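As recorded in TrEMBL, the features of this protein are as follows:
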- 28-148: domain 'Acyl-coenzyme A oxidase N-terminal' (DOMAIN)
- THR154, GLY193: FAD binding site (BINDING)
- 290-451: domain 'Acyl-CoA oxidase C-alpha1' (DOMAIN)
- GLU436: active site, proton acceptor (ACT_SITE)
- 485-672: domain 'Acyl-CoA oxidase C-terminal' (DOMAIN)
Amino acid sequence: MTMVFLNKEIRDGDNPDLTEERKTATFDTNKMAEVIYGSEKLARRRREISQAVSLIPELADSKPLPFLSRNEKILESTRKVTALNEHLPRLINMNDEDEAWHIHSEVIGFEGNPLALHHSLFIPPLVIQGSDEQHEKWLGRAKRREIIGCYAQTELGHGSNIRKLETTATYSLSTQEFILHTPTINALKWWPGALGKSSNHAVVVASLIIKEQNYGPHLFMVQIRDEQSHEPLPGIAVGDIGPKMAFNGADNGFLGFNNFRIPRGNLLNRHCNVEVDGTYVRPPHDKMNYAGMIRVRSRMAAEQGTFMAQALTIAVRYSAVRRQGFLENKSQEVKVLDYQTQQHRLFPAIARSYAFIFCGFETIQKYETLQNEMNSGNVSLMADLHALTSGIKSVVTYQTGEGIEQARMACGGHGYSMASYISEIYGCAIGGCTYEGENMVMLLQLARYLVKSVELAMRGKPGDLGPMVAYLAYPDIKVDLVTGPEAYVKMFQHISKRQSIKATEKFHRKMESGVSRDEAWNQCAVELTRASRLHTRLYIIETFIRRVDSIEDLSIKMVLTDLMNLHLNYELLDVASYALEDGFMSSTQMGFIKNQLYSSLEKIRPNAVSLVDSFQFSDLQLRSNLLNFLFQVLGRRDGHVYQNLFEWAKSSPLNQTEVLPSVTQYLKPMMEKAKL
Ligand SMILES: CCCCCCCC/C=C\CCCCCC(=O)SCCNC(=O)CCNC(=O)[C@H](O)C(C)(C)COP(=O)(O)OP(=O)(O)OC[C@H]1O[C@@H](n2cnc3c(N)ncnc32)[C@H](O)[C@@H]1OP(=O)(O)O
Ligand SMILES: Cc1cc2nc3c(=O)[nH]c(=O)nc-3n(C[C@H](O)[C@H](O)[C@H](O)COP(=O)(O)OP(=O)(O)OC[C@H]3O[C@@H](n4cnc5c(N)ncnc54)[C@H](O)[C@@H]3O)c2cc1C
């Protein structure tokens, strides 16, 4: 029987320790899900989709994924994604990217699949950079999945420095074609997801050469495999790059061209063009060809927030059923969730998950505004959003990695088992520190923007600063943290401003001492990245406060205020040394922050399980229980961890036979030999 109590679904037969947690929570998890996902409709749609998926047996994993070989993983992920595509039009709104993302994460999990990049990295650049005529030619085919594509930019020798990509696309005046060529091994495309074995088309980024002049990286639509035989076309070398830390259900690949010809019309030319006579038509912004990357980065905060939320759901539920050691009552061991250290490990990460998701919705909206403006020829918002998303991408991926790793350790030994599913989530999430721009490189992009902004403020032109950096010109007025969130923001603004100014001044001093600009930049790079992180963390705090301010439901507002206060104190404590250094923060204030932090942990404790339940991840999504087949088991909603861990171990292929060949072939002879 299921009893609904503030929508917390207390189910008969659930582990009583979890039931107790759900009963003591002070808010309605469905209402919280509405805040997390943006509306009642969006949250409800997620539940409906999860429910519908759970009723379709062919969408379930046919075997436990960690027990599969690489080939089996790719076969399984391809089986599931093609089966899913058959059901999709019935299950989701096909124009809704969030619904598509959600259903893929239910069915595929974190292992990746050969169509993941088709939708997220092949179609979007075609939409953004392709002309109407090019949309006519390829977009329909791509959307109907008549063709499968990927995004091939990174090379063996270059990823971060796009300007130095070596793959060339040389315009031939005589044939009006581009000749794609890979001049060296280093110039092989390397890493693109789904390139290795699955795609038959690729958006290829290559340096455009016209009459021996290099116009920099441009995007080209390239067919790489025959549509019938799926064999590589003549002049193309393509394959898989081998197993990775995660994403092993996907085929990241390499690609080389041997003077491979494509028509002039294959340069994606919505914003730039090469005329028949070789005349180059410039785009409205120098970095227009990078616009697709801003799009992907703008989605990463929400994405990474949900990755961390999944690991935390597993760890918090497990911590509520795991009993070990004693506190006051010596007759019963305590839930490990009652230890302050466990709370300190997990609760600030829950707060960051919420913060990243809220911040993510804002950045996605900002990107949509940019996209609309770009469509009408206005590129003035690009620089701001590039700077913002560069910082956010770097901070959230790093902190998500930290949070997931804490979740793993919080599960003790069982966290280390693949039965927890946390290692798979971790492998996938920390890929984000590297893909879409290596974190340090992207922090330095934001630093360029901050330095310029400080220079404007120094030149007495604070009016020229955009709203995101206006605080760089604010006067320093001491704050009383007791007055609430605004005071925390002001304290953080002071810290961030001071670091940006210090880094800029150091950079200027280096140049004044005769060091070249690039060398001076490098000598200040650590300080510059610190400024970027502080600026970004400030921005995330502000979005959290904005979101909580906008909530009307009192019970939700109260618990989110607790979570926000935890976030404010945790973040400020982490960077307090910057404010102690110049006396802006006193040691009394430091003590206040710590006490507030500990009291926030206590306030959140009764709501911890419901705060993670509110993400409403299904057991399928957490790979915690699939139909009648038992897979990863630690985050199960019903909390029955131990018997399922035992089932999991029994299903290990190693246990399908009592005596393994490793014993008969090697250990037995060794032991026999030792007896002689
Ligand atoms: C639950 C479900 C489970 C499934 C989970 C699946 C999750 C997803 C999985 C996998 C997805 C993986 C996708 C990965 C895809 C990729 O990685 S594609 C490759 C991405 N590559 C990069 O990001 C490369 C990074 N490098 C760059 O972007 C550029 O090289 C650079 C920006 C670092 C430098 O470019 P450069 O041309 O050299 O410019 P600079 O000289 O440094 O700067 C000049 C000015 O240009 C401005 N600028 C740079 N970029 C932009 C831009 N995008 N927009 C606007 N402006 C830009 C820069 O600010 C400078 O301005 P100022 O001169 O005014 O300072
Ligand atoms: C899971 C995954 C999926 C991917 N998918 C795709 C895809 O679909 N398509 C695609 O084209 N690519 C893809 N990539 C490639 C990815 O975009 C690149 O690996 C990434 O941009 C980093 O570039 P790099 O490998 O050249 O790193 P490098 O730049 O070689 O980084 C190595 C080190 O050098 C440092 N460094 C480099 N330049 C600077 C600098 N200017 N200042 C300071 N430090 C610097 C970095 O901080 C880092 O510590 C994927 C990568 C991964 C891991």
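The backbone N, Cα and C atoms fix where each Cβ goes, and this holds for glycine too.
Everything TrEMBL records as a feature, shown here on the structure.
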{"residue": "THR154", "record": "FAD binding site", "Cβ within 10 Å": "20"}
{"residue": "GLY193", "record": "FAD binding site", "Cβ within 10 Å": "27"}
{"residue": "GLU436", "record": "active site, proton acceptor", "Cβ within 10 Å": "23"}
Rounding to whole Å, the Cα atoms of GLU436 (active site, proton acceptor) and THR154 (FAD binding site) are apart by 10
